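If you check Swiss-Prot, you get these features:
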- Ile81, Glu82, Ser83, His216, Glu217: substrate binding site (BINDING)
- Ser83, Lys84, Arg245, Gly246: NADPH binding site (BINDING)
- Cys177: active site, thioimide intermediate (ACT_SITE)
- Asp184: active site, proton donor (ACT_SITE)
Amino acid sequence: MNTPEDSTLGREVAYPSGYDPSLLFPIPRAAGRQAIGLTGDLPFIGRDRWHAYELSWLDAQGKPCVATATLHVPCDSPSLIESKSLKLYLNSLNATRFNSAEAVRTRIATDLSTRAGADVAVEFGLPPIDAVGEGESIDALDLSIDDYGPPNAAYLCAHAQPVVEEVLTSALLKSNCPVTGQPDWASVTLRYRGAPIDREGLLRYLVSFRDHAEFHEQCVERIFNDVLTQCAPQWLVVEARYTRRGGLDINPLRSSASVPTPLSIFRDLRQ
């Protein structure tokens, strides 16, 4: 079984000179889920949406082409794709000739689907930037914080008040790569219906990820599971939009199956 320590993270590697799908490094999701007590049926649906900013290949005549792309990896795939391996794989296309852009899209989708173990959707282009911002930020709350990890779900609670439906946001989520220790920065959005979630407790909880080492996808699943367990909303959506690194950013989303309408798809201003 592949582990994060087996990947190219934190290692000096030569950039590929030709197309090489074996560069893609899948990591089974099961281990990360076991760490947060998810061993049976998943309490969520969702996907990991990647934005690729540095995509290039050669056309049939050898002329370089450039593009951006959006990749959708379903969260029920057996494996996630490690980010550095995805960067190296996409770079392996740089000197490869394709007869059409559609051939490139199909090749990427096929290779990612094979490694993830489920159908991965690939489309050219990127979502628009969310210049307005959905929901209400909790970042201006005036409170003292001195707990930066590990994530502490005990901060989470809901008030015994009538049910609300609201969207809460924070730009203060930070976690760290479990292999290299590099910081991962994100804006996080929680949309839910249920008893009002205590906002101070939610902010303290999110800040308690600051020294925590875990992959992006696992952080979002931990947040979803902790909020669901501690606050018992009728339904819940959690999305984190991580900042770009190596020409890629990742946006994991986990949602209750009963959500009436999905979140709009946007990029964050920091991406």
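Cβ coordinates are placed from backbone N, Cα and C, and glycine is handled just like the others.
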Glu82 (substrate binding site) and Arg245 (NADPH binding site), compared by Cα position, are separated in whole Å by 13
Distance check against His216 (substrate binding site) for the recorded positions Lys84, Cys177, Asp184, Arg245, Gly246, keeping those with Cα within 10 Å: Cys177, Asp184
Length of the line joining the Cα atoms of Gly246 (NADPH binding site) and Ile81 (substrate binding site), in Å: 14
Recorded NADPH binding residues, Ser83, Lys84, Arg245, Gly246 - maximal Cα separation rounded to whole Å: 9
Based on DSSP, name the secondary structure state of Gly246 (NADPH binding site): helix, strand or coil. coil
Surrounding CB atoms that lie within 10 Å of the CB of Gly246 (NADPH binding site), all protein chains: 14
Of the recorded positions listed as Ile81, Cys177, Glu217, the one whose CA lies nearest the CA of Arg245 (NADPH binding site): Cys177
If you measure Glu217 (substrate binding site) to Lys84 (NADPH binding site) at Cα, how many Å is it? 15
Keeping only the recorded positions of Ile81, Lys84, Asp184 whose C-alpha lies within 10 A of that of the residue listed as 'active site, thioimide intermediate' yields Asp184
Note on substrate: the CB centroid of Ile81, Glu82, Ser83, His216, Glu217 has further same-chain residues inside 8 Å, namely Ile27, Asp48, Leu80, Leu86, Phe215, Ile250
For NADPH, what surrounds Ser83, Lys84, Arg245, Gly246 with a Cβ no more than 8 Å from their Cβ centroid? Leu86, Lys87, Gly247, Leu248
